[in-house]
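Asks: Pasting the relevant annotations from TrEMBL:
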type     : residues : note
TRANSMEM : 6-24     : transmembrane segment
TRANSMEM : 45-64    : transmembrane segment
TRANSMEM : 84-104   : transmembrane segment
TRANSMEM : 116-136  : transmembrane segment
TRANSMEM : 156-178  : transmembrane segment
TRANSMEM : 190-208  : transmembrane segment
TRANSMEM : 239-258  : transmembrane segment
TRANSMEM : 270-291  : transmembrane segment
Amino acid sequence: MNTAEWPLAVFTLVVQMAAGMMVLSELARMRAGAAAKRLFAGRDIVCFALGAVGMLISLAHLGNPLHSPFTIFHLGQSWLSREVLCTGLFVATLAVLVAVRVFPPLTRTIPFLARLVPLITVLSCLAGLATVYAMARVYMLVTVPAWNSPSTLLNFFGAAFLLGSLGIGLLASVNWTVSVPADEKGPGNWVIATILLGLALGLGLKFAEIPFDLLAGAQHNARGESILTILSDIGMPVFALRLVLPVLASALFLRVLIPAFKRDGNGLSAPLAVFALFFGMAGEFLGRLIFYSTHILMGL
């Protein structure tokens, strides 16, 4: 397994998670209003931290990190340049949102800034989705059949929605346990429905990816290498584990966290949400390392 690419694996996963958290939490907020806003308190800070840490870790993959800003000068020809631009815009919009939340005097000093927050939030969601798309296109190379297929898009967007739903689930469970009165009813159907939608969409995209992986795996290069031979070297149990872990994470969330949200249990949902996110992230990290291991050149 190609473990040398762990900086890229971490970078792509944490940024995709941040994008998924922004989009899903905004969908919930559009219908649940103030209830969702309270449950997702701290979202902007968490997403900014994920994005910033991801960008810093990605520098470990570069020969000379100081050259990375110059990649944006090739937007017309390079998906890598577009990825850098989209990621930068995503993190920049999150930084503005964090500044407004953490430093309220800013809105008094710059009055129109408060009115721009909804627009900046929408731009952040769009930039997050664009970042996930650009990330996928970076790897869709004609000479690498394993990557040059819809499976890469399904993989990356699946990770965004799966990890994003687990992320906002953890955030909501922490806020619910810490700050919501014990006699208050559950957080509302729209909040729960949005989290479930993210889980279902994330898992669905992950399993939809498999047929495309198998199709690409049947091709051999001049050295007789194929994806299937690589997977057999890695071990099918490891390949299966990368699917089992996200399913386990989702099952844990469904069986324990949702009843806790409704106050049917003792309300101690946050530790269990941590385990759910851990299993989900572990499965995605393992899957991303397998993804980088399938870098087989064809036609060269």
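The backbone N, Cα and C atoms fix where each Cβ goes, glycine too.
Note that the coordinates shown come from a computational prediction; the quantities given were computed from them, not determined experimentally.
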Asks: Give residue numbers and ranges for long-range contacts of the transmembrane segment (84-104): same chain, 6 or more residues beyond its ends, CB-CB under 8 A.
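Replies: Non-local partners: 15, 18-19, 22, 44-45, 47-48, 51-52, 55, 68-69, 71-72, 75, 113-114, 117, 120-121, 123-124, 127-128, 130-131, 133-134.
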Asks: Could you tell me whether the transmembrane segment (239-258) and the transmembrane segment (6-24) are in contact, taking contact to mean 3+ Cβ pairs under 8 Å with a sequence separation of 6 or more?
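Replies: Answer no: the transmembrane segment (6-24) and the transmembrane segment (239-258) share fewer than 3 Cβ pairs below 8 Å.
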Asks: Which sequence-distant residues neighbour the transmembrane segment (45-64)? Criterion: at least 6 residues beyond either end, Cβ under 8 Å.
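Replies: Residues 5, 7-8, 10-15, 17-18, 21-22, 87, 90-91, 94-95, 97-98, 101-102, 167, 171 contact the transmembrane segment (45-64) from elsewhere in the chain.
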Asks: Cβ under 8 Å, sequence separation of at least 6 from the ends of the transmembrane segment (270-291): give me the contacting residues as numbers and ranges.
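Replies: Residues 1-3, 5-6, 8-10, 12-13, 17, 147, 155, 159, 162-163, 166-167, 169-170, 173-174, 177, 231, 234, 238-239, 241-246, 248-250, 252-253, 256-257, 260 contact the transmembrane segment (270-291) from elsewhere in the chain.
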